[in-house]
Amino acid sequence: MKSLILALASLVAIYSVNCDIYFDEKFPDDSWESNWIYSEHPGKEFGKFKLTAGKFYNDPEEDKGLQTSEDARFYALSRKFEPFSNEGKTLVVQFTVKHEQDIDCGGGYLKVFDCKLDQKDMHGESPYEIMFGPDICGPGTKKVHVIFSYKGKNHLIKKDIRCKDDVYTHLYTLIVKPDNTYEVLIDNEVVEKGGLEEDWDFLPPKKIKDPEAKKPEDWDDRKTIPDPDDTKPEDWDKPEHIPDPDATKPEDWDDEMDGEWEPPMIDNPDYKGVWAPKQIDNPAYKGQWVHPEIDNPEYVADPNLYKRPEICAVGLDLWQVKSGTIFDNFLITDDPEVAKERGEALKKTLDGEKKMKNEQDEAEREKEKEKAEEDDDEDLDDEAGEAAPVEEHDEL
């Protein structure tokens, strides 16, 4: 039994050694200001970030992150690290987002760059490798972006992934595997998964319609046809409107002055509409014609859709109408289990935030209740003062 435990411990140790953590940022103190670089791209009024745990939290120190601090601003902040490639490895990108301001319109996503990024000139058009994370604007846009760069073009996921839109911290995780599959998780729960080739338009379609094929002229795709033996009934044709038989000419109607009187028209209860023969099954029906497909000569499979040749920077390139979003717990690794463990540990953060927020809300309700009671007492005092009798004095 002892030898089995030692063997398992050895396997865990080997597994841990083989795990690579490429980037890990939890913002423990103000040292982030010397590691992260603000963009100075001309023509933009960029906002500043501040280090804070926000208005409600589980731990005032551990829960500190970078918070947007100015309304109606662009934000452009990035950090570089040792470059790596995910060739032959799983890539995991993970971070937390807390929209404690109850965001109305603004981004909460992360961009991953190669080493060509000019940090001091980073802007919305700066080429990136991956863009991932939530984006909210009004009731119509509440989605998780998953965008990959491929051969110079940015490709958006074809599926709609809904993001969280409450005021608490949520964990967003993207896992890309060497077999060209992916997973998107929110709070350690898989919300979407599939294949890169199927869910993005990196490649042209495998099959295309045969340009030489045409529907035969004698192909009949009418499922039903008018019955050639059906005839219109002799009494079918009736006018849609008829003079009202109950109408009478007004007594004051003057034919010379008003013209010849005519009764108003009403809907004809016997009107049956336009006649059409009944439909019968078409004996010549061959079904819907399907355009034959052929292999697309422009399609070439790519087993390396997942691969990013070089990654060495992350950036927050955002626009926010209402500031207050907190970003934290950045992690880029090749080990989904490490990311999962980090996510499990963060559940206490969400629980603590909810507890503190509920206490704050309850205190605010009590305060408003006391204020309302004070206002009612003041109103009663004012009414009593107005109703007090005026003393009368005898004249001397």
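Cβ atoms are placed via backbone N, Cα and C, with glycine included.
According to TrEMBL, the features are:
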{"type": "SIGNAL", "residues": "1-19", "note": "signal peptide"}
{"type": "DISULFID", "residues": "CYS105-CYS137", "note": "disulfide bond"}
{"type": "BINDING", "residues": "TYR109, LYS111, TYR128, ASP135, ASP317", "note": "alpha-D-glucoside binding site"}
{"type": "REGION", "residues": "201-264", "note": "region 'Disordered'"}
{"type": "COMPBIAS", "residues": "207-251", "note": "compositional bias 'Basic and acidic residues'"}
{"type": "COMPBIAS", "residues": "252-261", "note": "compositional bias 'Acidic residues'"}
{"type": "COMPBIAS", "residues": "343-372", "note": "compositional bias 'Basic and acidic residues'"}
{"type": "REGION", "residues": "343-396", "note": "region 'Disordered'"}
{"type": "COMPBIAS", "residues": "373-385", "note": "compositional bias 'Acidic residues'"}
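Each residue in GLY107, LEU110, MET131, PHE132, GLY133, HIS145, ILE147, GLY315, LEU316, LEU318 lies on the same chain as TYR109, LYS111, TYR128, ASP135, ASP317 and has a C-beta within 8 Å of the C-beta centroid of that alpha-D-glucoside site, without being one of the site residues. With TYR109, LYS111, TYR128, ASP135, ASP317 listed as the residues that bind alpha-D-glucoside, the site has a largest C-alpha separation of 17 Å. A coil conformation is recorded for TYR128 (alpha-D-glucoside binding site) in the three-state DSSP classification, outside any helix or strand. Nearest in space to CYS105 (disulfide bond), taking C-alpha to C-alpha distance over the binding-site residues LYS111, TYR128, ASP135, ASP317, is ASP135.
When DSSP labels each residue, the compositional bias 'Basic and acidic residues' (343-372) comes out as 29 helix, 0 strand, 1 coil, counted as helix, strand and coil in that order. Neighbour count (other Cβ atoms within 10 Å of the Cβ, all protein chains): 21 for TYR128 (alpha-D-glucoside binding site). Residue counts for the compositional bias 'Basic and acidic residues' (207-251) by DSSP state, with H, G and I taken as helix and E and B as strand, are 0 helix, 9 strand, 36 coil.
Look at TYR109 (alpha-D-glucoside binding site): DSSP puts it in coil. Calculated from their C-alpha atoms, the gap between TYR128 (alpha-D-glucoside binding site) and CYS137 (disulfide bond) amounts to 23 Å. Within 10 Å of the C-beta of TYR109 (alpha-D-glucoside binding site) there are 23 other C-beta atoms, taking all protein chains into account.
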